[in-house]
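Engineer: I am attaching a structure below and will ask some questions about it afterwards.
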């Protein structure tokens, strides 16, 4: 538990350092072009390994527990967007148009993979179901997220044209993912053995996208449009959104009579949003300086969800120890 927190805290500190570097030393001219090409390669590599990590057995296992996965998908791709749109009269004037676009983008994203599985394991939930739900959410999100973004955002909100976005996502995200999954029969065992250091591919890709995106956003005047007071307000808003979703996922899991292990899986898989998928995808969906504001709410929400879910996982684990018969080791 402690090591998990330290890992995420360290990465968050590096993210902040990268944002500061982009603020004071933004890439421009030839440098911006070089970083753009490096970012494209890193994103393709990231999704290639995501595909290689997804086993055929996990896909088959997922079909067997379809009720749980349907509820997780509904929370991720229906509950979040409806909640965000219902709060538009309050949040849009409160945060401003640029951060509001980022909040809508946050609502459309798939769930996390690594942290959802890790917290489910700590809380003694249904780990096989978590693996399948989180992996499937990531895969489905490659196609569903652009559609949701298009539905929720107006044409002038900074997104690329729909057809162009679908083509770019297919080439840059989906094609490497499918290629990686196809090659799993040859490289799967190597990927599984080296998963501990392959996480640095994920993290390096995210850092490259963040630096490139914030460089363009800073040059376009990001911090003039988003003052520090807005960041504090954004953190409060993200905390409230997370609290509502956590309550809703818990209530729905109990309302549909899932057992405690499945409830834990639904709560952790249905309430999270993926920074590993969201940041690379934003560079495809949004144009130029619009990427920075679009991913800022995601970066804030991500850190809050990690801290809150770490506490919740420990609470679930303690309850499991007390109840014993209801929770599996």
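Here the Cβ of each residue, glycine as well, is placed from N, Cα and C on the backbone.
Below are the features I grabbed from TrEMBL:
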{"type": "TRANSMEM", "residues": "7-28", "note": "transmembrane segment"}
{"type": "TRANSMEM", "residues": "34-54", "note": "transmembrane segment"}
{"type": "TRANSMEM", "residues": "66-87", "note": "transmembrane segment"}
{"type": "TRANSMEM", "residues": "99-119", "note": "transmembrane segment"}
{"type": "TRANSMEM", "residues": "131-153", "note": "transmembrane segment"}
{"type": "TRANSMEM", "residues": "165-183", "note": "transmembrane segment"}
{"type": "TRANSMEM", "residues": "204-225", "note": "transmembrane segment"}
{"type": "TRANSMEM", "residues": "231-253", "note": "transmembrane segment"}
{"type": "TRANSMEM", "residues": "274-296", "note": "transmembrane segment"}
Engineer: Do at least three CB pairs under 8 A connect the transmembrane segment (231-253) and the transmembrane segment (131-153), leaving out pairs fewer than 6 apart in sequence?
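Structural biologist: They do not touch: fewer than three Cβ pairs between the two stretches lie under 8 Å.
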Engineer: Count the Cβ pairs between the transmembrane segment (204-225) and the transmembrane segment (99-119) that lie under 8 angstroms and are 6 or more residues apart in sequence, then report whether there are at least 3.
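Structural biologist: Between the transmembrane segment (204-225) and the transmembrane segment (99-119), contact is absent.
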Engineer: Looking at 34-54, 66-87, 99-119, 165-183, which one has the highest count of Cβ pairs under 8 angstroms to the transmembrane segment (231-253)?
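Structural biologist: Highest pair count goes to 66-87.
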Engineer: Cβ under 8 Å to the transmembrane segment (34-54), counting only same-chain residues 6 or more beyond its ends: which ones?
Structural biologist: 27, 113, 135, 138-139, 142, 172-174, 176-184, 187-188, 191-192, 195, 198, 201-202, 204-205, 208-209, 211-212, 215, 276, 280, 283-284
